[in-house]
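Step one of this worksheet: look at the structure below.
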Amino acid sequence: MARTKQTARKATAWQAPRKPLATKAAGKRAPPTGGIKKPHRYKPGTLALREIRKYQKSTQLLLRKLPFQRLVREIAQAISPDLRFQSAAIGALQEASEAYLVQLFEDTNLCAIHARRVTIMPRDMQLARRLRREGP
């Protein structure tokens with residue numbers, strides 16, 4: 001382990017806290033107001049960064065399975081009314097669509113950062129899709 005520099009400190013003797021004098025009147029202090037404690041608040045952005053790290057570490061699906069399955073069936077119903085799906089097929093569709101969306105949001109975030117912003121906007125997503133040659 002690397003050696004670190006130690007700074008000189010003034011040596012201070014430990015002192016016990018003084019007891020209050022008994023001659024003071026005990027009733028002069030204001031009574032405590034309700035005892036309501038404020039809830040702890042993190043600095044803005046701390047929880048967002050924690051959430052980002054949590055989801056980047058995990059490999060779980062981000063969208064719930066049943067709502068995604070209903071969406072797939074609704075879209076398929078518009079194309080052909082008598083389509084049936086294996087559960088593995090819907091799982092593969094969900095994996096692929098989530099990977100696509102995550103990558104799109106990463107590119108969108110890069111576009112926002114390039115514009116010296118931290119908030120993504122629709123025009124960032126349009127630029128990301130245009131650079132990918134996906135659409136207008």
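Using N, Cα and C of the backbone, Cβ positions are placed for all residues, glycine too.
Now, the feature entries from Swiss-Prot:
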- 1-16: compositional bias 'Low complexity' (COMPBIAS)
- K5: N6-(2-hydroxyisobutyryl)lysine (MOD_RES)
- K5: N6-acetyllysine (MOD_RES)
- K5: N6-crotonyllysine (MOD_RES)
- K19: N6-methyllysine (MOD_RES)
- K19: N6-lactoyllysine (MOD_RES)
- K19: N6-glutaryllysine (MOD_RES)
- K24: N6-crotonyllysine (MOD_RES)
- K28: N6-methyllysine (MOD_RES)
- K28: N6,N6-dimethyllysine (MOD_RES)
- K28: N6,N6,N6-trimethyllysine (MOD_RES)
- K37: N6,N6,N6-trimethyllysine (MOD_RES)
- K57: N6-succinyllysine (MOD_RES)
- 1-43: region 'Disordered' (REGION)
Inset, instruction - Reduce the DSSP letter at K19 (N6-methyllysine) to three states and note it down. - result: coil
Legend entry - Where K37 (N6,N6,N6-trimethyllysine) falls in three-state DSSP terms: coil
Inset, instruction - Would you mind reading off the Cα separation of the residue listed as 'N6-succinyllysine' from K37 (N6,N6,N6-trimethyllysine), to the nearest angstrom? - result: 34
Legend entry - Cβ neighbour count (within 10 Å, all chains shown) around K5 (N6-(2-hydroxyisobutyryl)lysine): 4
Legend entry - Pairwise Cα distance for K5 (N6-(2-hydroxyisobutyryl)lysine)/K37 (N6,N6,N6-trimethyllysine) [Å, integer]: 41
Legend entry - Around the Cβ of K57 (N6-succinyllysine), the count of other Cβ atoms that are within 10 Å: 7
Legend entry - For K57 (N6-succinyllysine): DSSP state (helix, strand, coil): helix
Legend entry - Cα-to-Cα gap, K19 (N6-methyllysine) vs K37 (N6,N6,N6-trimethyllysine), nearest whole Å: 27
Inset, instruction - Kindly assign K5 (N6-(2-hydroxyisobutyryl)lysine) to one of the three DSSP-derived states: helix, strand or coil. - result: coil
